[in-house]
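Everything on this sheet refers to the single structure shown next.
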Amino acid sequence: MVFRIASSPYTHNQRQTSRIMLLVLLAAVPGIAAQLWFFGWGTLVQILLASVSALLAEALVLKLRKQSVAATLKDNSALLTGLLLAVSIPPLAPWWMVVLGTVFAVIIAKQLYGGLGQNPFNPAMIGYVVLLISFPVQMTSWLPPHEIAVNIPGFIDTIQVIFSGHTASGGDMNTLRLGIDGISQATPLDTFKTSVRAGHSVEEIMQYPIYSGILAGAGWQWVNLAWLAGGVWLLWQKAIRWHIPLSFLVTLALCATLGWLFSPDTLAAPQIHLLSGATMLGAFFILTDPVTASTTNRGRLIFGALAGLLVWLIRSFGGYPDGVAFAVLLANITVPLIDYYTRPRVYGHRKG
């Protein structure tokens, strides 16, 4: 009898990286569809720009490194990076912004570290943060959902705004951002933070058109529920583990509830946190990145909980309305430490 000697791991996941990435791309369809419905064609244009930029940037670096271009591009990781960045930025952001952010994400945040599996930080979130810090006005210029918008740009106007900055009739972002109350609109999280700092009461803030949704912000609640649906499908397909999304959402909900109970005049209610911004996108599609997240089950719970706490702290007390990207990157920093203290004990090895 022949005994085969091999190093660990002794159990293997038969799914290839490309298939897992493809499952994540498919799971993003509900979220993309919801953003298209409420915010127009811009999301689709940004996805196309980001996808092409990601593939070209990755191909260029692979060519310079004398590595197989076709084999690496087939893993779909570049496409996923581009998609996650594209759905995170305003749909009418200038074309060069998504190109710049995607190229930075792929070349600097991913390939500079050695490529897929070597990068310590989520590339899409690195690209997003670079854009947010460099171009804060453009990165916070979201359109109002169509249900409260005065001007809804068509496909041609969308293309013209993205590539030239104005519509065929001469309209610009200022006119497109007007809501039914005649006031330029922002996201629910941005509106809440700005209004509280301006001295408005929570009761007044909740009367704004942006909060006319059944559960939370108009449009944004359905976008988050769509990303949640995609995330649940990923769990059902066993493409991701449940530990990170659950601990993230539970921690965020717990912190938001406690904060709201103790300070209802200054802090947002839990449903605003859970169903606004990039909450569900972050929980199921960004934090669960297998390369930059913790690799142990206990570590995943800690990692998700830490990210949830950071999101609430940044949203409630920080300078930015949504803290998902910063929370992800800060949590990424702690992964080596978390994995070190949560690694499974070797069989037969005693504690201490």
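Glycine is treated like the rest: Cβ placed from N, Cα and C.
Here the structure is a predicted model, which means the values were calculated and not measured.
Feature annotation from Swiss-Prot assigns transmembrane segment to 20-40 (among others); the stated evidence is sequence analysis.
Beyond its flanks by at least six residues, the transmembrane segment (42-62) meets 32, 35-36, 68-69, 72-73, 78-79, 81-83, 85-87, 89-93, 95, 98-99, 101-103, 105-107, 110-111, 143, 153, 158-159, 161-162 of its own chain at Cβ-Cβ distances under 8 Å. Taken from Swiss-Prot, the feature transmembrane segment applies to 42-62 (among others).
The feature transmembrane segment is assigned by Swiss-Prot to 89-109 (among others).
Taken from Swiss-Prot, the feature transmembrane segment applies to 123-143 (among others), supported by sequence analysis.
Sequence annotations record features per position, and here Swiss-Prot assigns FMN phosphoryl threonine to Thr187 based on sequence analysis. Here the Cβ of Thr187 (FMN phosphoryl threonine) has 23 other Cβ atoms within 10 Å, regardless of which shown protein chain they belong to. Mapped onto three states, the DSSP output places Thr187 (FMN phosphoryl threonine) in coil.
Marked as transmembrane segment by Swiss-Prot: 214-234 (among others).
For the transmembrane segment (242-262), the list of distant contacts is 231, 235, 268-270, 272-274, 279, 282-284, 287-288, 293-294, 297, 300-309, 311-313, 316: same-chain residues at least six beyond its ends, Cβ to Cβ under 8 Å. Summarising the annotation, Swiss-Prot assigns transmembrane segment to 242-262 (among others).
Here Swiss-Prot flags 267-287 (among others) as transmembrane segment.
Tertiary proximity for the transmembrane segment (301-321) is limited to same-chain residues at least six positions away from its ends with a CB under 8 Å from its CB atoms, namely 132, 140, 186-187, 189-190, 192-194, 243-252, 255-256, 259, 267-268, 273, 277, 279, 282-283, 287, 293-294, 327-328, 330-331, 334-335, 338, 342. According to Swiss-Prot, the transmembrane segment annotation covers 301-321 (among others).
Note on the transmembrane segment (322-342): residues 88, 120-122, 125-126, 128-129, 132, 187, 189-190, 276-279, 281-282, 286-287, 292-296, 298-299, 302-303, 306-308, 310-315 of its chain, located 6 or more positions outside it, place their CB under 8 angstroms from a CB of the stretch. Annotated transmembrane segment per Swiss-Prot: 322-342 (among others), in sequence order.
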Other parts of the chain folded back onto the transmembrane segment (89-109), taken as Cβ under 8 Å at six or more residues beyond its ends: 35, 39-43, 45-46, 49-50, 53-54, 57-58, 60-61, 78, 81-82, 119, 121-124, 126-128, 130-131, 135, 138-143, 153, 158, 161-163, 165, 173, 176
Positions whose Cβ lies under 8 angstroms from the transmembrane segment (123-143), at least six residues beyond its ends: 39-40, 42, 80-82, 84-85, 88-94, 97, 100-102, 104-106, 108-110, 149, 173, 176-177, 185-187, 190, 286, 320-321, 324-326, 328-329
For the transmembrane segment (267-287), sequence-distant contacts whose Cβ falls under 8 Å of one of its Cβ atoms, 6 or more beyond its ends: 24, 27-28, 31, 84, 87-88, 122, 124-125, 187-189, 192, 213, 215-217, 220-221, 224-225, 227-228, 230-232, 234-235, 240, 244-245, 248-249, 252-253, 256-257, 259-260, 293, 303-304, 307, 311-312, 315-316, 321-322, 324-325, 327-328, 331
